[in-house]
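Notes to accompany the following structure.
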Amino acid sequence: MSAQREMKEKNHWHKPVTIIITVIGVMAIVALVTVAVLQNRPLSQKYKYGIVMDAGSSHTALYIYAWPAEKDNNTGRVEQTHSCKVKGPGISSYASNPSKAGESLRVCMQEAKQLVPANHHSETPLYLGATAGMRLLNLEDSSASDRVFHAVEGALQKFPFSFQGARILSGQEEGAFGWVTVNYLDDRLKQGLETKGALDLGGASTQISFVSDTFDGSESPDNNVNFRLYGNDYNLYTHSFLCYGKDQALRMTLAQQTLSGPGSILDPCFHRGYTDTKNYSVLYDSPCVSKMKPQNATPTFTHKGGGDFLQCQDVIKRIFNFTHCKYNQCSFNGIFQPFLQGQYGAFSAYYFVMDFLNLTDTSIPLEDVKEKLKRYCATPWSELTQQHGNIKYLAEYCFSGTYIVTLLTEGYNFTSQTYPTIKYIKKIKGSDAGWTLGYMLNLTNMIPAEAPDTPPLPHAGYVSIVTIMAILLFVLFIVSLRPLWPRCSKQPHII
Ligand SMILES: Nc1nc2c(ncn2[C@@H]2O[C@H](COP(=O)(O)OP(=O)(O)OP(=O)(O)O)[C@@H](O)[C@H]2O)c(=O)[nH]1
Ligand SMILES: [Ca+2]
C-alpha cells in the first residue's frame, strides 16, 4: 500500500498543476495553428470582369474576361469566360447608315449584361477597339468613320458598364497586343520563358510580331515596340500590312487580273466550273484597289475559275512588291523584317482556312502542303458543292490557302525548315488568340513591369510547415516535462 502511495506521489501527471499546464500547452498550439492557417488562407474567390469588343473589318466580336479580385496585379489568371459574335458585317460597313452599326451590337451587349453579375456592372470596364476596316474607312472618309464611332459610342453608353471609349488601334498596337495575348496565355511572360511570335490574318490587314535578338529598333523604329513585363525587357518587332488581310488581298488579286477591264477572267484561284458575275464598282470600292480601277470598263465582268495552284501563286505574288528594300533585309513592299526567330502562333484566318483544308498540322512538310493545295484547287466546283453543300467561304478556300502559303514563304521568308515553327491556333487554354486580351491587360495595368512579390511558400506548404512545427513544439514540451515523469514504470519494484 505504501509503495503504491509513494508511486502516486512520484507520478506528477496526477498533479493538478501538470494537468493544467498540459491542457494550456495543447490549447496554445491548437490556437497558434488555427490563427496561422486562417490568417493566411486564400481569400474567397471574388471576381472582377472586363469586356472588350473587337470591331474587325469583317465582323465584331465581344469578349468577357474575368479574374479573381485579389489577384489584380498578378497576371496569368485572366480568363475569357464568354464570347459573342455580332450578327452582320463589321462596323465600317455601316458608313452610310451609322445608327445601324450601334444597333448591331445590342444583342451581344444584352448577353454581357446578363452574364456579368449586376453588382459588378458599374465597375466593369468596356472597351471597343476597331482595326483595319475602320482604318480604311478613316483613310477614305474620316467624317464617315467619326459618324460610325459616334453611333457606336451612343449605343454602348446605354449599358450599365464603365464604358472606356471606342477607338482605332494602330497597326503596331494590334500586332503587339496579339503577341502579348499569346505569350500571356502560354504563361511565357510570367515565367520569363522564350516568347512565341504572333501571326494574325484578318480580313483587311495582317500582323507579324516576334522578339528578335538582332533587332534593336534602330534600323526601323516604326517596327519596334518595347515592353518591360514581370521584370523582363522585350524588344518586339511588329508590322501590320494594311490591305493584306484575306479579303482585301483577294480584292487586290482580282484587281491584278482585271486591270484592263475585261468582260470575263479565268481566275486560277477559283475552282473549275465556278462562275459568278461581279460588279467592277463593288470590287474597286476600297482604298486598297481604288486607284487601279480600269477606265471605260463594262459595269460587270464574269469571274470564272481555272483551278490551278501554281498559276494562283503567280497572280498572288503580283500583289507583293519585292523590288525595293532600303534596309539589310525586307519582307515585302520595302518593309524591314529581321531574321525569323523562334516559334510562332498563327491565328484568325490562318486557323479558319488551314483548319478547313485539314492542314493545321505543320509537321506535314511544306512541299506536301503545296501538293495538297494543288490537288484541292484542281477539284471541280461541282464536286466541292456536292461534298460540302453551299457553305460560306467555300469558293474562297483555294485562294485563301494559296495566299497563306505565299504570304508565309514569299512574304515573310518562312522556308521548308522554318515552316514547322508555326502552330495554327484558335484558342489557348480556353481564350481566343487575338489582340483583345492583351489590350485589356495593358489598359487595366494588369501586367506589372516588375515581377510581383510572391509568398515564398504556396498556401498548402505553409499549412503543412506550421502544423509540423506545432506538433514538434508539442513533443518538445512533453519531453521537457520529463523530470516530472514517473520513474517507476519500467523499473523493478524493490521492496
Ligand atoms: N473560313 C472561315 N472564315 C472566317 C470565319 N470567321 C471569319 N472568317 C473570315 O476570316 C477573315 C478574318 O477574320 P477575322 O480575323 O475575324 O478578321 P477581322 O478581325 O474582321 O478583320 P481585321 O480588321 O482585318 O482584323 C475574314 O475574311 C472573315 O470573313 C470562319 O469561321 N471560317
Ligand atoms: Ca482582327
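Including glycine, each Cβ sits where the backbone N, Cα and C put it.
Automatic, uncurated: that is what TrEMBL annotation is.
Feature annotations, courtesy of TrEMBL:
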type	residues	note
ACT_SITE	Glu174	active site, proton acceptor
BINDING	Gly203, Ala204, Ser205, Thr206, Gln207	ATP binding site
TRANSMEM	17-38	transmembrane segment
TRANSMEM	460-481	transmembrane segment
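Sequence features, as recorded in TrEMBL, placed on the structure.
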residue : record                       : Cβ contacts under 8 Å, 6 or more apart
Glu174  : active site, proton acceptor : Thr131, Asp200, Ser205, Gln207, Ser240, Trp435
Gly203  : ATP binding site             : Gly56, Ser57, Ser58, Gly90, Ala132, Gly133, Gly245, Lys246, Asp247, Gln248, Ala349
Ala204  : ATP binding site             : Gly56, Ser57, Ser58, Thr131, Ala132, Gly133, Arg135, Leu136, Leu242, Cys243, Gly245, Asp247, Gln248, Cys288
Thr206  : ATP binding site             : Leu199, Asp200, Ser240, Phe241, Tyr244, Gly245, Lys246, Leu407
Contacting recorded positions, sequence order - Glu174, Thr206, Gln207 vs ligand 1, Cβ under 6 Å: none
Coarse DSSP state, helix versus strand versus coil, of Ser205 (ATP binding site): strand
ATP site shell beyond Gly203, Ala204, Ser205, Thr206, Gln207, criterion: Cβ within 8 Å of Cβ centroid: Ser57, Thr131, Ala132, Asp200, Leu201, Gly202, Ser240, Phe241, Leu242, Tyr244, Gly245, Lys246, Gln248
Around the Cβ of Ser205 (ATP binding site), the count of other Cβ atoms that are within 10 Å: 26
DSSP state at Glu174 (active site, proton acceptor), helix/strand/coil: helix
Other CB atoms within 10 A, centred on Gln207 (ATP binding site): 28
